[in-house]
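Engineer: Please read through the structure below; I'll follow up with questions.
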Amino acid sequence: MQRRRRPPPPTSRLPEGCGGGGGGSEEVEVQFSAGRWGSAAAVSAAAAAATRSTEEEEERLEREHFWKIINAFRYYGTSMHERVNRTERQFRSLPANQQKLLPQFLLHLDKIRKCIDHNQEILLTIVNDCIHMFENKEYGEDGNGKIMPASTFDMDKLKSTLKQFVRDWSETGKAERDACYQPIIKEILKNFPKERWDPSKVNILVPGAGLGRLAWEIAMLGYACQGNEWSFFMLFSSNFVLNRCSEINKYKLYPWIHQFSNNRRSADQIRPIFFPDVDPHSLPPGSNFSMTAGDFQEIYSECNTWDCIATCFFIDTAHNVIDYIDTIWKILKPGGIWINLGPLLYHFENLANELSIELSYEDIKNVVLQYGFKVEVEKESVLSTYTVNDLSMMKYYYECVLFVVRKPQ
């Protein structure tokens, strides 16, 4: 996705129907906004023309990227069936006496194929609903119209997105959410208690919101909350859950069928998860909850805007984490707090042609202090997982850092 700029949101309430609340599910919409380019200064006619040309090129690239990700959703079934067919060919290449030892193997592959078809149906439902998802931007029609082969990178992203449904919107992911989200929520409640604050006037930003559960939980408590996300994979999916799902556990997915290793039982690979585990439309009446799409550093530039910024498994997505710290310092109000929980698994490490500054937590803390933040809470070994397969023979655990720092008055 190309970088997109958008002014910070107003502190007033969202237009009627854009927040959560009771009533019929068809009337409840979480507003999704795409970042807007700011107007360039008119230095000269030539400069203005060059700026327009640059912006038009950015818009073209962004539109291409939008449709490329939709194509990946549509190509999922083809890609996964090719993977299963390859497994079948390899099995059939075994000696007949070895094949006879595994009479259920091909039947299991057929079950996986049915799971693939079901996942594809859900993915098509998601993208069929996202063409007009942004209240302030349209991407036109798909000029090609054909389903094209998607890159391995995009298919890996899509498979990862399916696991995000487990983390954010299934009962299976509750333990992971409790480990990652609850420490952040507890700090919000401690710093902005309802006995002393009107939560509707406490503006909280959640960069890297993913499928939106943390931001939604904060809005459920009555705070004015906005999630920000860069990935179209996440945005398409969060739009579907937040705006089109109201019946608890109506949908199911098979997120583990892509994992052919470390399965204790064959049935573990094809077990479903159900979502959403709550009604996303059950936000309190008058809730102020929205999502923005685009680059965190470019969308949020207005100084002294936010009472709280909550980052979860986010700061290691930076090319340069100091840029994130700089943005957070600028946009926090004096007296505002930054709550962070997560590891430091830098996303751009070892990627060719990508800037990546990998700092230790010690270095990050020193930078945070030099900006002027005051540390109020610091825990260096908060154990957590990320989109874990709880029945897998292999699991990754993170010893996360949790800190709360305050920008002085």
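Note that Cβ sites are derived from N, Cα and C of the backbone, with glycine treated the same way.
Pasting the feature list from Swiss-Prot:
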REGION    1-25  region 'Disordered'
BINDING   Gln164, Arg167, Gly208, Glu229, Asp295, Phe296, Cys312, Tyr324  S-adenosyl-L-methionine binding site
BINDING   Asp316, His347, Tyr398  carnosine binding site
Engineer: Out of Asp316, His347, Tyr398, which of these binding-site residues is nearest Tyr324 (S-adenosyl-L-methionine binding site) by C-alpha distance?
Structural biologist: Asp316
Engineer: Grab the S-adenosyl-L-methionine binding residues from the record (Gln164, Arg167, Gly208, Glu229, Asp295, Phe296, Cys312, Tyr324) and give me their largest CA-CA distance in Å.
Structural biologist: 25
Engineer: What span in Å does the carnosine site cover, taken as the longest CA to CA distance among Asp316, His347, Tyr398?
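Structural biologist: This binding site's residues have a maximal Cα-Cα distance of 15 Å.
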Engineer: Could you name the residues, excluding Asp316, His347, Tyr398, of the same chain that surround the carnosine site, i.e. Cβ within 8 Å of the Cβ centre of those residues, in sequence order?
Structural biologist: Phe313, Thr317, Gly342, Pro343, Leu344, Leu345, Tyr346
Engineer: Between C-alpha atoms, which of these binding-site residues comes nearest to Arg167 (S-adenosyl-L-methionine binding site): Asp316, His347, Tyr398?
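Structural biologist: Comparing Cα positions, the candidate nearest Arg167 (S-adenosyl-L-methionine binding site) turns out to be Tyr398.
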Engineer: Based on Cβ atoms within 10 Å, give me the single least packed residue among the binding-site residues Glu229, Asp295.
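Structural biologist: Each of the binding-site residues Glu229, Asp295 was scored by Cβ atoms within 10 Å; lowest is Asp295.
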Engineer: Go through Arg167, His347, the listed binding-site residues, and name the one with the sparsest Cβ surroundings, counting other Cβ atoms within 10 Å.
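Structural biologist: Comparing Cβ neighbour counts within 10 Å for the binding-site residues Arg167, His347 gives His347.
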Engineer: Do you know offhand how many angstrom separate Glu229 (S-adenosyl-L-methionine binding site) and Asp316 (carnosine binding site) by C-alpha?
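Structural biologist: Checking the Cα atoms of Glu229 (S-adenosyl-L-methionine binding site) and Asp316 (carnosine binding site) gives a distance of 14 Å.
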Engineer: Since the record lists Phe296, Tyr324, Tyr398 as binding-site residues, which of them has the fewest other Cβ atoms within 10 Å of its Cβ?
Structural biologist: Tyr398
Engineer: Does DSSP put Phe296 (S-adenosyl-L-methionine binding site) in a helix, in a strand, or in coil?
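Structural biologist: Its secondary structure by DSSP: helix.
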Engineer: Roughly how many Å lie between the Cα atoms of Cys312 (S-adenosyl-L-methionine binding site) and His347 (carnosine binding site), rounded to a whole value?
Structural biologist: 14
